[in-house]
Each structure stands twice: as structure tokens, then as C-alpha cells.
Amino acid sequence: MPPVTPADPTRPRIALTAGEPAGIGPELIARLAGEDLGADLAVIADARLMAERAEAIGVTLELEEFRLDARPPPGRLGIIDIALAEPSHPGSLDPRNARYVLETLAQAADGAASGTFDAIVTAPVHKGVINDAGVPFSGHTEFFADRAGCRVVMMLVARDLRVALATTHLPLAAVPAAITRDGLSTTLRILNTDLRRRFGLAAPRIAVLGLNPHAGEGGHLGREEIETIEPVLEVLRKEGLDLVGPLPADTAFVPSQLTGFDAVLAMYHDQGLPVLKHAGFGHAVNVTLGLPYIRTSVDHGTALDLAGSGRADAGSLRAALQLAIELAARPR
Ligand SMILES: NC(=O)C1=CN([C@@H]2O[C@H](COP(=O)(O)OP(=O)(O)OC[C@H]3O[C@@H](n4cnc5c(N)ncnc54)[C@H](O)[C@@H]3O)[C@@H](O)[C@H]2O)C=CC1
Ligand SMILES: NCC(=O)COP(=O)(O)O
């Protein structure tokens, strides 16, 4: 038996979910397992799967059962072992493992809510296969929000560019109706609060994009700016929020226009995220704001085409861990 090292209360404890078993999540975690980033990690995954994927990419991985009162010795990784329903093969989705994926998320959420973990970091899940298994599922963001019973905001960070979303995983046709005064006010309040509380920005300046081309062209190309976005900004400015917009989205990301803004609020997923990923894919981080705990994630998906090959880049997972550790260290 290796010697037991008592837990160190100064090191954050982080739940790390391995995500879709047929994707790149397990091997990215195995790749980072040997690095001490300054936190104690509890991987929530099937232990045999983790060992198989480590072997597939030629990485040595030593696992031991996660304990609250002790740290694994250097080079070993704490694990909360959740059994797969069926053996998983790289690149090959199996809906029978969807419940396993959801169980890993549930254990992470409950552990963070109870204070066992200081933060959750998630490797990618495959949203489609969970739905194929008959479970309606839009994403981690919505799953953790539902479980915590609160409203949240998705924000991706690539160096000094922060892009938050007013709507998340919705068909494009459903977006206009989903942008309501209530929803937008809540999103902006959460964004403003968490930029201050978690990111230490004393008075965040937020650029708010329009929904339509040219921010509606004075009502000739859509009325959402006039009827929904502008009235919300007017009310929130009176509360002291520093909001600029609605801005035409096509020029808002021109570097000279972005100067001075701490974050951009895009109205929908593919209005904001392509720009963010163009700027930072491989080291960007997805953060869920508004939760009672910290949750970060990678900027990429399950990359089934790379699973098991050892060619997937662990940069975004490392960045997600580093940001979670940094946020956990801040007073809240
Ligand atoms: N945080 C999460 O759980 C996320 C999950 N997804 C899910 O992932 C699934 C697949 O989504 P796609 O749109 O195909 O995006 P994807 O990010 O999995 O793949 C897009 C392209 O990027 C490459 N790529 C992705 N990660 C990489 C890495 N770490 N290193 C090198 N290359 C990498 C892939 O090989 C592929 O060519 C979907 O079901 C989607 O919902 C997508 C984004 C985030
Ligand atoms: N494109 C971002 C994404 O899909 C991540 O979503 P989530 O699973 O973190 O909610």
C-alpha cells in the first residue's frame, strides 16, 4: 500500500467528468493526469475505460479511489468509478451508455452543490446520442442549471475575449421568440454580476449585439432590437450596468470596435461562438455563470474522428482546469 498523504485544504478539489466514452474526453484526461496543476482531481468515469484509453494513446495512468481525507501520491489520479452500461469503442457511439454519462454529471453536480468539490470541469458529451437514448438533453449548461434550479449564462473565454450567449442550444428558428425582455434582463444581470464576482472586474463594460443584420436597420430589417433589446438596456443602464448596444454583429468583433469591452453578449450560439473559436480554438474555455459553484469546460466537442488516436489536443482541457482553479481561489 502506498503511503497516505492527508488532504490539503489549500488545494481546490475538482470533479472532472470524462464525458462521452467514445469521444476524446477520457484520453485527454489521461494525458493530463501526470501534470500537477495545483488542484486535487476526482475523475468521474468508468475506471476500466480510463485505463483502456490511456493505454491506447501510450500514457501510463495509475488510478485510485477518490477519498475526501487523502490525496493520491504524485502521478496517481483519484477516481469515482461509475460503470459503463456497455463496453465503449473509440469513435463508436452507443445510446446504451447515455445514462452512464448523465450519472457522471449528476454526481459532479451533487458533489459541487454539497461542497465536496470546489469546481466541476467537464470533458465533452455527445448531445445527440443522449437524445437518441430517449433523454431530452441540450447540454451541460442546461443540465447543471436544471439540477441547481437556477438561471445561468454560457460564456466562452479566449484570452481577453469573452463571449456570452443570450440563448444557447436552440434551433435557429426558435431563437427570436426565445429573446424576451425577462430572459435578456436576467442574462445581463448574471453576466454583470459574475464578471464582477468571479472575474474581479469592478465595472464590466458589455457590448450587446443586435439579433438582425445591421441591428435591425432602424426597424427595416427586424424589430427585436426596438421592441426587446433597447428597452432592456435602457432599464439596466438605470441600475448602473455599463451596456453598449444593440450593436451590428458583423462589425462588433472588429478589433478596434472591441477595445474597452470586457465581454460581448451575442444573441445566439452561432452569432458569437464562431468568432471566439476562430480566435482561440484549442485554448478557449467555456464557463457557466450563475451557478452556485464553478463549472468550466472545453471549447470543443467529442471529436469522434480523433478518439483513440492520441492526436487530440489537450490544450483546452488544461485551460479549463487552470481557469477553474483560478476561479476557485478567488473570494466569492
Ligand atoms: N462541452 C461539450 O460537451 C461540447 C460537446 N459538443 C458535442 O460534440 C459533438 C461533436 O461536435 P462537432 O461539432 O463535431 O465538434 P468537435 O469539436 O467535436 O469537432 C470539430 C472538429 O474539431 C476537431 N477537434 C475537436 N476537438 C479537438 C481537439 N481537442 N484536438 C484537435 N482537434 C479537435 C475535430 O477532429 C473536428 O475536426 C456534438 O454532439 C456536440 O454536441 C460540442 C461542443 C462542446
Ligand atoms: N458550443 C458549446 C457547447 O456545445 C457546450 O455546451 P455545454 O455542454 O457546455 O452546455
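The backbone N, Cα and C atoms fix where each Cβ goes, glycine too.
Because TrEMBL annotations are produced automatically, they should be read as predictions rather than curated entries.
For reference, TrEMBL has these:
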BINDING   His140, Thr141, Lys277, Asn286, Arg295  substrate binding site
BINDING   His169, His214, His269  divalent metal cation binding site
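Shown here: features listed in TrEMBL, placed on the structure.
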residue : record                             : CB count, 10 Å
His140  : substrate binding site             : 23
Thr141  : substrate binding site             : 24
His169  : divalent metal cation binding site : 14
His214  : divalent metal cation binding site : 16
His269  : divalent metal cation binding site : 18
Lys277  : substrate binding site             : 16
Asn286  : substrate binding site             : 24
Arg295  : substrate binding site             : 29
Binding-site residues near His169 (divalent metal cation binding site), in sequence order, restricted to Thr141, Lys277, Asn286, Arg295 and a 10 Å Cα cut-off: Thr141
Euclidean distance between Cα atoms of His269 (divalent metal cation binding site) and Lys277 (substrate binding site), Å: 12
Cα separation, Thr141 (substrate binding site) to His214 (divalent metal cation binding site) (Å, whole number): 29
Distance [Cα-Cα, Å, rounded] between Thr141 (substrate binding site) and His269 (divalent metal cation binding site): 13
His269 (divalent metal cation binding site) and Asn286 (substrate binding site), distance between Cα atoms, whole Å: 12
Residues His140, Thr141, Lys277, Asn286, Arg295 [recorded substrate binders]: greatest CA to CA distance in Å: 19
Integer Å distance between the CA atoms belonging to His269 (divalent metal cation binding site) and Arg295 (substrate binding site): 19
Three-state secondary structure, which DSSP defines for His169 (divalent metal cation binding site): coil
Mapped DSSP class for Arg295 (substrate binding site), helix or strand or coil: strand
Candidates near ligand 2 among the binding-site residues Thr141, His214, Lys277, Arg295, judged by a Cβ under 6 angstroms: Thr141
Cα-to-Cα gap, His140 (substrate binding site) vs His269 (divalent metal cation binding site), nearest whole Å: 14
Neighbourhood of ligand 1 - binding-site residues from Thr141, His214, Lys277, Arg295 with Cβ under 6 Å: none
